[in-house]
Amino acid sequence: MRKVYWSMQNNYIATTRLYQDLLQGVIPWQQLRRVNWMNQRATSKEAYRPTEAEHIANVITHGVWIVPSVLATLELLARSHNGAQFLSALVYGATLIFLFSVSTGFHCVFYRNKHGPWKDVLHRCDRAMIYIFIAGSYFPWLTLQSLPSNCWASSMKWLVWLLAALGIIYQQVFHEKYKMLETICYVFMSTFPFPFITQHDFPGKTELKIGGMVYALGVIFFKMDGSIPCAHAIWHLFVVMAAAVHYFAVLNYLYPELPIPQPSLSITS
Ligand SMILES: [Zn+2]
């Protein structure tokens, strides 16, 4: 027990020193080699235990995006010229901010208090936010974009929220029990509405596809804890990249800046 405590303590000190040096712009190769970058893979019945370095990477990779997501939402609100745009900016922006905030909150608590009750509560919230964020990401497209005139496409507006609610109920009941099934639920919910709303061409369709592909690539790392160092932090980075692609598509195509009115030149003689 004493041996385990000292090895944890040494690992903590090595990781802390490493991040201090990295913040000062120094790359300490010796310390990089000493840090424990990955623990053993978890069995199907238990959760993976991240190392100190992985905990810190998990907090940083989502924590630094909270303020930019607030600014991104304010930009959408500033560009809103009607009620539908304002509502979409609020819903989409809120899901973006909450995604990064809840994730950072969970990873902070998990890092400092590995077995406390808040860790479990926030883990459930973190997973629930994935469903809410998927529905929130579709919201501006379903609200501001003209949809194909079939009942499936027009029903998608409320169907994505119904799917999110069902996903959250499933996830709360079977939390951490059937992890692969949970991942399949995320993939199903994010891809199911896509073919119904993309039957016609519209500006931003390519970016929607690219963003979706980046999320899909990220899922590979979501399932690689214990096989690749900092796999969960890499998954976070894929989420950031995909969310950025989708955000700029929303910004450019659904919230275009109105042309600045040119002052009329009057020639007086
Ligand atoms: Zn996470």
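Cβ atoms here come from the backbone N, Cα and C positions, even for glycine.
Nobody curates TrEMBL annotations by hand; they come from automatic prediction.
When TrEMBL records His232, His236 as binding Zn(2+), the matching candidate from His81, His107 it lists for that site is His107. Within the chain carrying the transmembrane segment (86-107), a Cβ under 8 angstroms from the stretch's Cβ atoms is held by residues 55, 58-59, 62-63, 65-66, 69-70, 72-74, 76-77, 79-80, 119, 122-123, 125-126, 129-130, 132-133, 135-137, 139-140, 143-144, 236, 239, 243, 247, 250, 254-255, all 6 or more beyond its ends.
Here His107 (Zn(2+) binding site) comes close to His55, Asn58, Val59, His62, Gly63: these same-chain residues lie at least six apart in sequence, with C-beta atoms under 8 angstroms from its C-beta. Taking Cβ pairs closer than 8 Å, the transmembrane segment (233-255) reaches residues 54, 57-58, 60-62, 65, 72, 75-76, 79-80, 85, 88-89, 92, 96, 99, 103, 137, 140-141, 144-145, 202-204, 207-208, 210-212, 214-215, 217-219, 221-222, 224 in its own chain, all 6 or more past its ends. Excluding His107, His232, His236 themselves, the residues of that chain whose CB lies within 8 A of the CB mean position for the Zn(2+) site are, in sequence, Glu54, Ala57, Asn58, Val59, Thr61, His62, Ser103, Ala233, Trp235.
Residues 15, 19, 89-90, 92-94, 96-97, 99-101, 103-104, 107-108, 110-111, 230, 232-233, 236-237, 239-240, 247, 251 of the same chain lie 6+ residues outside the transmembrane segment (55-74) yet bring a C-beta within less than 8 angstroms of a C-beta in it. Sequence-distant neighbours of His236 (Zn(2+) binding site) (same chain, 6+ residues apart, CB-CB distance under 8 A): Asn58, Thr61, His62, Ser103.
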